[in-house]
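Enquirer: The domain 'Cytochrome oxidase subunit II transmembrane region profile' annotation in TrEMBL covers 1-91. TrEMBL lists 92-225 with the feature domain 'Cytochrome oxidase subunit II copper A binding'. According to TrEMBL, the transmembrane segment annotation covers 27-51, 63-87.
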Amino acid sequence: MSTWANLGLQDSASPLMEQLIFFHDHALLILVMITVLVGYLMFMLFFNNYVNRFLLHGQMIEMIWTILPAIILLFIAFPSLRLLYLLDEINEPSITLKSIGHQWYWSYEYSDFNDIEFDSYMIPTNELSTDGFRLLDVDNRIVLPMNSQIRILVTAADVIHSWTIPALGVKVDGTPGRLNQTNFFINRPGLFYGQCSEICGANHSFMPIVIESVPINYFIKWITN
């Protein structure tokens, strides 16, 4: 989860988030190079004394500063398109989790395991334990196995919600009457926090999501109990 003075992205817990961080760094490097070049040219314009009163046109420089930005945009567009298709790829999921957004809580269904269902509410501040996180902890966490391909189906019962876990690189809108899906692969154990990131009314940010990633044998014990 994010901590104080954290200027970068959260540490990734899935291969997709790793790729998103790589693309972020790639695009940021290109932006820095463009900013330095344009800043240098603007700075030098204030100090040069070169005047050419016979200059009427410059086709060559016009061609260069038209073609060069197009080539730079291709270096951003191709990795971006590759990543978009990777995010939508569903690779034979081991487990399907269904998430239903309500005002102001989430409902979850493990339909692969005898229809296990539960609601997940935010823990109020006055009931929070000393090691809990305010506005982020819930009474019923999602328990999922690590190193398994997981598909999540997201919908909503009332207004538009958004199921978002930054550490996993997952953000899916839950729309009433529509079923959206995505997949993720958790590659390490731990607790991963998220929130509804849609403006769906008053208190919309207080719909926290907590995933508890555990080894597969612990997950089987949790399911059987």
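Positions of Cβ are set from backbone N, Cα and C atoms, glycine also.
Automatic prediction, not curation, is the source of TrEMBL annotations.
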Enquirer: Check the domain 'Cytochrome oxidase subunit II copper A binding' (92-225) for me and report the mean pLDDT.
Expert: 90
Enquirer: Near the transmembrane segment (63-87), which same-chain residues lie under 8 Å Cβ to Cβ, leaving out any that are not at least 6 residues past its ends?
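Expert: Tertiary neighbours of the transmembrane segment (63-87) are 16, 19-20, 23, 26-27, 30, 34, 169, 182.
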Enquirer: Count up the helix, strand and coil residues in the domain 'Cytochrome oxidase subunit II transmembrane region profile' (1-91) according to DSSP, in that order.
Expert: 61 helix, 0 strand, 30 coil
Enquirer: How does the domain 'Cytochrome oxidase subunit II copper A binding' (92-225) divide up by DSSP, counting helix, then strand, then coil residues?
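Expert: Breakdown, helix to coil: 15 helix, 64 strand, 55 coil.
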